[in-house]
Structures are given as C-alpha cells and as structure tokens.
Amino acid sequence: TDLPRSPPAAAEPRHASPAAPRRLREKLRTAARMAGPPAHTAPGSRQQVQGGEGRAETATGAPAARETRAPFRFDYQRFRQSLRHPVRGRRPGEDPETRARRMKIKEMMKFAWDNYKQYALGKNELRPLTKNGHIGNMFGGLRGATVVDALDTLYIMELEEEFQEAKKWVEKSFDLNVNGEASLFEVNIRYIGGLLAAYYLTGEEVFKSKALELGEKLLPAFNTPTGIPRGVINLGRQDTRSLFSPCSGMSWSWGWASAGSSILAEFGTLHLEFLHLSELSGNPVFAEKASTSQLGVMNIRKVLNRVEKPQGLYPNFLSPVTGNWVQHHVSIGGLGDSFYEYLIKSWLMSDKKDSEAKKMYDDALEAIEKHLVRKSAGGLTYIAEWRGGILDHKMGHLACFSGGMIALGAEHAGEERKQHYMNLAAEITNTCHESYARSDTKLGPEAFRFDAGSEAMATRLSERYYILRPEVVESYMYMWRLTHDPKYRQWGWEVVKALEKHCRVEAGFSGIRDVYTTTPSHDNMQQSFFLAETLKYLYLLFCEDDVLSLDDWVFNTEAHPLPVNHTNFKA
C-alpha cells in the first residue's frame, strides 16, 4: 500500500501559491506550442467542477485580450552567466574524509538509480523487494516520477551516463497525454519542479517544453470563486477550444478534506514553480517587475490576508468557495508545512524584493513561536500542533524541515533577532536529531510525542515507520551551511550509516515499518523523493558551499533547485 508523505490520510502537502488562470493559460499555451505540440487528451469521467458553485467568475477577472507580440525567448546563456558560482562548485582542496563520504552518497544514488532503471524504468517508483515497478494514483496517469525527481540529483553528482539515460526517457517516453486524477500539489513539486530545475541546470529545451505543457494542464484547478485552487485535477479533461472558459478542465477537493476545503500546504506551495513558468513563457502577468506582475499569486495572498487568522495562525483547511477557514487545525508538519517554507523562499527567490511574502513569514513565525513552540521537561524544543486552541504535543517528521527554514530566515533577520532565530533553529534541529538517536535503527519515526513521560519518541504503532524521508537531513544541510558546526556533518553521516544498514536491500532502498526494532520489516518502496531530496541533501552536506550555492538557488519543497531572480532574461 502507498505510504503518503503527509499524514497517511493525506496525499502529501508541502507548498503553494497560484497563477492568474486565464492570462497565464494563454501565455503558457503559446509557449508550449512553440516548444512542442499540445496534448490531445480524452475526456475524463468525473463530474466537472465549474468555478466551484456553477459558473462563477474566477477571482482574477475577465479573460485578457489576445495580444500580438514577438515570440518570447528566454536567454539561457545570459542566465548562466549571471550565476555567482559554478553550479557544481569549484572543488577547492578538501579533506579526504569529506570527499570519501560524499563519494559514498554518490554510490548510494547510483545504486538506487541503477535498480530503478533495471526493474522499474517508466513506472513511478521501484519496489525493491519484489523487483518491479509501482505506479500509484497521485499523478493522474503520469509516469516516471522517479526519473523526473532524479534528474537534477544525477546532474549535480556528475553521474553523467545516468543523467543521459534519464534525459533520453523524458525525450522519448514521457507522455503528457494522460487522463486521470492527479494531486495538483504533487505534480507541481515533483514534475514541474524537477523539469524546471533540469532545464535551468542544463539548458536542454526538452525540459522547458515539457514543464510548460504540463503547467498548462494544471490551470483549471484555479477556476473557483476565490481563485484558491482545488487539490485534485483531471489532467485529461481539457477541451482546447475552451481554454479561456472557467469550465475547461475538471478539479475537485480531496474527499477526506473537511467540507470540500483546499489544503494550506497545497495551495500555498505553487508560488516558486509558477513564477518560473511565467519567467520561461514570457507571460507579462508574472514576468514583468510591476506590482501587478503577480496577480494570481497576489490573489491567493489577498484571500489569506483578508480572512481573520486565529491568534495570527493559519489553519490547514480553507474553503475555495467562500475563502473562509473550515476548521481550526494548525500544523507546521503535514497539511501546513510548505506554505511557510514558500513564504521565506518566495522572498529569497525574488532577490529580496517580495516584501509581502517576507512580512507574512515574519508574522506567521512570530505567532508560531508564541503559541506552538514549547520546551519539554527534558529540555527539548518542539513545535506542537494546535486544534482549536488546544495543543497536541506531537511533532511529525515532516515538521523537521522547520529547523532549516528558520535558520534560512534568520540569516536575513535584523541583528537583534538573527541570533535568537538561529538558536531556535538549532534547538528544533537538535530535537529532530534526538528522534533519530533514540530509536534502535538511528532513523526517525513518522511522528514523535512529548507526553506521558515520553520525549521525541513515537508512542503509537501507526507512527513508528520511516519511509526514507528527507526533512531531518534537509535541516542538517542548512544548519551546516549557515553555521559550519561539524556536528551537522556527523549527524548526517549517522543517517547514511543507518540507511545502509537498515534500508539498503538487494535491489535498492526500502522504507521500514518500525524504527524501534533492529530486524526491520521493509515496506518494499523506494520513494522518488529519496532520490530527489534525501540523497541530494546528504550529498550537499558534504560539498563545499558553492555547489548549488544559496546565493543563486532556492530549493523547492522537493529539493529541486530554482534560480534566484537576479534580473530579466528576455532575449
């Protein structure tokens, strides 16, 4: 069975921010056609959602008039010349132990890729125990999630032959003519993010054209009365004759989401990718620097800024019809996590010009620290969950990204706040390390609690599993880059050894069902994010700081590097 990245019920929230559906649709459509033929797909079988309730106007207004202008071309060479550091760094002299550890992680990546290629190429993930592929139902009929997720990691690790194998699959076999129910969030962070990163790293046009074509297919999800997108999109239900009508495409909310609501981490985790789709397609709504250049994104923020926040906090469920909260559950883990991550990263990606994102992040972090951050009896700092004013003293593995996020934000805080937030980031990262150190396998559980005398340990059988998740090593990587405290590399190496001992099997890497037993039961799944995130962050932990330098790149929530927008690269 699938083990999702968010709470098992969820499809796995991690990011969001929207786009102006109609004007962006026109530009993306033009750009995709210049790059390759548009997909022709069969109609879907679900009842179509028309603007939420009937044919309601979208929040972004009437369709833009068709404009005539010279085809837009993104100047890739100027972009590469603008980078402050070589993508793979300069590799100055380094100590042999660091290099040896990095090479070990590279070997792990090659082992994971080679087995996927042998037994599951074209499927979404490898099942390493049974040596076959897994497709799943999150991607609406799209295939090759592991290929697209692995592209940039293979490139950064200089696994040239393997990168060419992956590129060839995208060129020859990656079919966008699919008809199925997809998670808007997952397709965006894995496929759009992976293709965009591969393009920016290599300049290969095939990655750009696929990203633009796929991006167009996601736009009907925004056809709601508020402009807040729904979580599920049928990638095939698109009548190209009516691309400018709110009726084109089908979208709906997750069946498990309260009262047809949209999920904070899903509609809050589109911003980075959609701004880059705009940059590459030449869509004036996003590509220009004017304040109106982010109409769709600003619309989602406008809805969020208008609605009252309980104690300054953002609940996880919002109605795409009314723009009001559906229930007051607040989490920095699953369902909420990447919304906060994308606020600070939107500001960084804008070259620190998106002051609204920075203010939203600062205000949210202040509320989180006041109402959710607690210290256990044993002295461990953690971020609790909030249910209508009552604290649930647990922290999910997904929430462990927050140490890195807070450190990243602290770098750019005022001097008086910088050290405060760096200390908070270090304390949270230490707590997440303790969740690993206190298990028999030295790998962390899906969630850990601070109640009934237990600290940083799972107390429920359903929370003891580890599915090769990256969030803890993600924070190690950021903490290393921002402090150079050697303990973060040491902690990362402990994870490498634990993965090798407990998760490496004959034909790949597998998650385990119980981190508290040293004879683990494997779940028979090599998640695509293991190659996209876990191994990439571990590799970068043992690289010099100029490899994918934080001066040049911002990582999306699937660890796909997207460039900081230093200038406009219209050719």
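From the backbone N, Cα and C atoms, a Cβ is placed for every residue, glycine too.
In TrEMBL, Cys432 is paired through a disulphide bond with Cys400, chosen from Cys400, Cys503. Remote same-chain partners of the compositional bias 'Basic residues' (81-90), defined as residues 6 or more beyond its termini with a Cβ less than 8 Å from a stretch Cβ, comprise 156, 158, 201, 543-544, 546-549, 551-552, 563, 566-567, 569. Sorted by the number of other CB atoms within 10 A, the active-site residues Asp337, Glu471 start with Glu471, the lowest.
Taking only the Cα positions, the spacing between Cys432 (disulfide bond) and Glu446 (active site, proton donor) is 11 angstrom. DSSP labels the residues of the compositional bias 'Basic residues' (81-90) in these numbers: 2 helix, 1 strand, 7 coil.
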